[in-house]
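Student: Got a structure here, written out as structure tokens. Questions coming.
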There are 2 protein chains.
Amino acid sequence: MNEFDLIRRYFERQPPLLRPGEQGSLLPVTQTSHLEGQSLLQLGIGDDCALLRGPLEGAHLAVSSDMLVAGRHFFHDTDAAAIGHKALAVNLSDLAAMGAWPVGFTLALALPETDPHWLEGFSQGLLTLASRAACPLIGGDTTRGPLTLSITVLGQVPHSRALRRDGAQAGDDIWVSGELGAAALAVQLRRTQPAQTVPIEALQRLNWPLPRFDVGLALRGVASAAMDISDGLAGDLAHLLAASGRRQGHALGAVLDSRSLPLAACLRELPPDEALVLALHGGDDYELLFTASPELAATVAQRCPTAHRIGQVTSVSGMLLSDAKRRTRPLEPRGYDHFST
Amino acid sequence: MNEFDLIRRYFERQPPLLRPGEQGSLLPVTQTSHLEGQSLLQLGIGDDCALLRGPLEGAHLAVSSDMLVAGRHFFHDTDAAAIGHKALAVNLSDLAAMGAWPVGFTLALALPETDPHWLEGFSQGLLTLASRAACPLIGGDTTRGPLTLSITVLGQVPHSRALRRDGAQAGDDIWVSGELGAAALAVQLRRTQPAQTVPIEALQRLNWPLPRFDVGLALRGVASAAMDISDGLAGDLAHLLAASGRRQGHALGAVLDSRSLPLAACLRELPPDEALVLALHGGDDYELLFTASPELAATVAQRCPTAHRIGQVTSVSGMLLSDAKRRTRPLEPRGYDHFST
């Protein structure tokens with residue numbers, strides 16, 4: 001059972017919501033319960049964020065939660081400031097991928113001990129990024145336990161302009177917002193060697209990712225679908241195609257051109273095949289993956305100067321990768337899976 | 001350093017939020033950034049929930065996060081359905097204590113393994129309560145790690161009617177919404193003996209608490225201050241008095257009458273002093289603690305038939321407890337502290 005099966009199987013089918021006063025309901029019938037009982041939910045489980053009716057007229061509230069566990073999402077010896085930064089950055093990246101503007105966040109934090117030095121660094125990394133994204137810490141919880149962080153971010157987005165992952169059409173161009181594979185290289189090297197011997201660019205991308213609000217906000221009304229790349233391009237693209245295909249009622253696929261994949265500079269000294277694997281299947285890039293109609297290619301290029309067009313959505317199920325000699329081979333949707341064995 | 005010092009010291013003083021386009025800002029200047037850059041925050045860290053400008057005209061959005069760690073917030077052998085139920089219940093309790101109506105929740109879940117039997121029970125306990133509170137699961141995250149759950153709930157409340165904890169006035173009556181101490185008895189007994197030997201009422205209160213929406217919604221416009229009792233009456237009352245005192249710029253205190261404390265039935269066979277300690281300093285009650293003007297006593301009693309008036313707010317710092325012989329002694333604000341040693 002992988003992470004996505006688990007969510008589908010145990011958490012997607014929910015029992016019906018009881019009405020106030022109905023047998024078993026915990027909610028009383030009050031003067032206002034008719035109004036307050038209205039569902040605010042516009043989009044539930046499965047995208048970068050859930051969307052609720054938002055505080056501004058015509059806007060949706062975007063909500064997303066991520067959890068980071070020591071030893072899994074970051075190495076135990078990672079700088080506390082980088083942990084604080086990254087925990088918020090990966091959540092803000094979900095807002096950016098939705099085209100949403102940050103509103104605020106909550107932090108739930110389990111700590112094995114209260115080490116003032118660690119907390120000083122952690123809160124400084126966390127709150128500096130919060131300041132840069134104009135996204136205040138609005139609440140949370142602290143407890144003792146194995147080092148685990150869970151952040152929930154709130155944002156807002158005009159309702160017709162949210163960048164959902166299920167809007168890709170056959171014929172759309174596929175784009176990524178910037179270079180891939182550097183963080184994956186850092187993860188690979190750090191498994192066997194100390195941080196000092198890892199290229200600084202790679203470590204920087206792994207530990208200090210920046211949410212691409214510049215791209216997400218510029219793509220409102222332009223991209224047909226978007227999501228952030230957290231588990232690796234191939235796996236995340238498969239999710240985007242599956243969601244879009246489900247919505248349209250027929251399968252979608254993709255052809256990617258390996259020559260147009262923007263490899264991070266630190267990958268260029270590796271054997272080409274190895275670099276390609278890191279860029280396609282490595283995780284932690286936090287660039288945006290998006291699709292747009294080919295007529296909008298010039299608009300995309302103008303609004304997102306760092307974006308690269310890497311392929312096309314097809315109406316045939318499955319993903320293909322073409323190489324320098326224009327031979328194609330199947331591209332496995334293999335990405336990072338937290339429950340793979 | 002306790003939990004509250006930790007929050008104050010590292011997370012309450014936040015650097016200023018940068019404006020879009022300002023040096024270091026991650027947000028671009030766009031056509032809409034003036035509008036979207038407006039702060040929606042009405043109340044930040046320190047109450048049961050944060051309050052943001054809400055989706056309904058004149059309403060606030062209430063947001064709260066709690067984290068539960070195996071072995072700390074529940075015994076390792078607790079029934080999976082009870083864990084799912086309680087993780088959501090303690091969060092819903094924060095909404096109820098704010099007088100808020102549930103909107104939806106996110107779940108971040110770290111699991112040591114994917115055990116279908118456990119997940120079946122867990123999701124059933126979780127989603128059944130979600131159904132009863134009309135509060136859908138709207139998103140989240142799953143990962144491998146030591147069993148840890150973090151839930152963020154969203155609710156809404158008319159803005160002039162939120163039950164904040166900082167509104168208590170000297171002379172107000174102090175109330176609790178129901179019986180105290182049963183969950184604390186269960187925790188005490190479970191430390192040394194198996195679940196089967198613990199009174200069923202005590203286990204039920206520990207494992208299957210119900211959020212008091214009936215009380216919280218009925219208290220809108222009636223209570224001057226409210227919060228839920230999660231860490232023990234004495235400690236939580238001290239927080240309510242401190243928050244209210246800070247807001248008014250002078251210290252507040254309380255006198256409690258030990259004879260009016262509503263002890264859970266399962267405590268009545270204990271020596272009176274032992275029962276009193278559990279009711280005053282035990283945690284996990286999830287009843288509401290609130291204050292109201294004495295003129296409203298009849299209204300409170302009518303709207304909340306389970307509520308008990310247990311004392312009065314004073315304008316003198318410190319808490320006192322009077323006994324059956326009307327002798328008073330100081331009441332220590334000792335509650336559950338996750339970082340106490």
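Numbering starts at 1 and runs along the chain as it is shown here.
Even glycines carry a Cβ here, placed using N, Cα and C.
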Student: In TrEMBL, B:D48, B:S64 are given as binding Mg(2+) 4, so which of B:D5, B:D79, B:D94 is in that site too?
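Tutor: For the Mg(2+) 4 site that includes B:D48, B:S64, TrEMBL also lists B:D94.
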Student: Report the nearest neighbour of B:D228 (Mg(2+) 3 binding site) in space among the binding-site residues B:D66, B:D94, B:D284, comparing Cα positions.
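Tutor: Of all the candidates listed, B:D94 is nearest in space.
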Student: Sorry to bug you, but what's the C-alpha spacing from B:D231 (Mg(2+) 5 binding site) to B:R165 (ATP binding site), rounded to the closest Å?
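Tutor: If we compare the Cα positions of B:R165 (ATP binding site) and B:D231 (Mg(2+) 5 binding site), the gap is 15 Å.
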Student: Under 8 Å Cβ-Cβ from B:D284 (substrate binding site), six or more apart in the same chain: what's there?
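Tutor: Set apart from B:D284 (substrate binding site) by at least 6 residues yet with Cβ under 8 Å, we have B:A183, B:A184, B:V187, B:R205, B:L206, B:P209, B:S230.
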Student: Under 8 Å Cβ-Cβ to anything in chain A: which of these binding-site residues pass, B:S64, B:S65, B:D66, B:G140, B:D141, B:S230?
Tutor: B:S64, B:S65, B:D66, B:G140, B:D141
Student: Is it possible to list how many residues within the domain 'PurM-like N-terminal' (B:46-157) are helical, extended or coil according to DSSP?
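Tutor: So the domain 'PurM-like N-terminal' (B:46-157) is made up of 35 helix, 46 strand, 31 coil.
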Student: Tally every other Cβ atom lying within 10 Å of the Cβ atom of B:D228 (Mg(2+) 3 binding site).
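Tutor: A count of 28.
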Student: Any idea what DSSP makes of B:D231 (Mg(2+) 5 binding site), helix, strand or coil?
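Tutor: In three-state terms, B:D231 (Mg(2+) 5 binding site) counts as coil.
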Student: Using a 10 Å cut-off between Cα atoms, which of these binding-site residues sit near B:S65 (Mg(2+) 1 binding site): B:H73, B:D94, B:D231?
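Tutor: Those close enough are B:D94.
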Student: Would you mind listing, in sequence order, the residues at least six apart from B:D94 (Mg(2+) 4 binding site) in the same chain with a Cβ closer than 8 Å to its Cβ?
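Tutor: Expected: B:D48, B:C49, B:A62, B:S64, B:D66, B:V153, B:D228.
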